[in-house]
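J.: Below is a structure I'd like to ask you about.
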Amino acid sequence: MTKITFIGAGSTIFAKNVLGDAMLTPSLQDAHIALYDIDEKRLKESNLMLKNINKNSNENRADIVSYYDRKEALREADFVINAIQVGGYKPSTVIDFDIPKKYGLRQTIGDTMGIGGIFRTLRTLPVMLDFAKEMEEVCPNAWLLNYTNPMAMLTMGVLKATSIKTVGLCHSVQVCVPELFEHLGIADQYDLNDFQWKIAGINHMAFLLEITKNGEDFYPTISQLAA
């Protein structure tokens with residue numbers, strides 16, 4: 001049985017999307033899902049919601065358990081999903097934006113770069129390293145799947161400071177072209193199944209290198225519409 005540990009499971013909507021998808025994946029339908037969060041109220045809410053999904057969409061095949069001891073939640077995990085937000089939206093994230101804004105510095109919402117992103121990293125990385133060190137002890141072969149921003153800095157930090165296999169994940173590659181088509185006003189004119197695209201870069205700072213429609217270069221059309 002695969003064990004999936006979700007750190008920051010109080011992020012209810014995010015937990016629903018990620019773990020709901022896992023329960024719809026045949027190879028993970030009977031997984032042991034370990035939920036951990038420092039906010040017990042939100043943890044209970046996520047547990048209830050996920051058990052309802054498990055009952056209604058997965059015939060109760062997954063085993064969903066909340067943990068109040070982080071190390072026990074991590075023990076013998078195969079995959080660890082990180083979705084923490086150290087300091088919360090208020091005051092920490094608001095401060096990350098308000099102080100740079102006061103001095104005329106604009107930032108992306110994901111805190112990918114800039115002074116706000118640096119301070120969010122300094123606030124978040126010590127916590128991630130704490131549980132990554134616990135992973136080295138109780139699940140050294142697990143994959144750490146990081147969804148917390150700033151993606152590049154945090155993922156690099158864990159890779160450099162620990163032996164844990166770590167990868168940063170984001171939905172930006174999937175939604176790039178659909179959102180681009182929305183902005184260009186052509187979303188209703190095309191079937192996205194006819195398109196293929198290549199993207200490279202770091203999280204929130206990626207470049208659309210290539211886009212084709214049924215094998216033909218579609219970039220000239222995009223350039224013309226965006227001009």
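Backbone N, Cα and C define each Cβ position, glycine as well.
Dumping what TrEMBL says about this protein:
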{"type": "BINDING", "residues": "ASN149", "note": "substrate binding site"}
{"type": "BINDING", "residues": "CYS170, HIS204", "note": "Mn(2+) binding site"}
{"type": "SITE", "residues": "ASP111", "note": "site 'Increases basicity of active site Tyr'"}
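Could you give the neighbours, burial and distances for every feature on this list?
T.: According to DSSP, ASN149 (substrate binding site) is assigned to coil rather than to any helix or strand.
The Cβ neighbour count for CYS170 (Mn(2+) binding site), using a 10 Å radius over every protein chain in view, is 16. Secondary structure at CYS170 (Mn(2+) binding site), as computed by DSSP, is coil.
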J.: Cα-Cα separation of CYS170 (Mn(2+) binding site) and ASN149 (substrate binding site), in Å?
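T.: Computed Cα spacing between CYS170 (Mn(2+) binding site) and ASN149 (substrate binding site) is 10 Å.
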J.: Could you give the Cα-Cα distance between ASN149 (substrate binding site) and HIS204 (Mn(2+) binding site), in whole Å?
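T.: For ASN149 (substrate binding site) versus HIS204 (Mn(2+) binding site), the Cα atoms are 10 Å apart.
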J.: What's the number of neighbouring CB atoms sitting within 10 A of the CB on HIS204 (Mn(2+) binding site)?
T.: 18
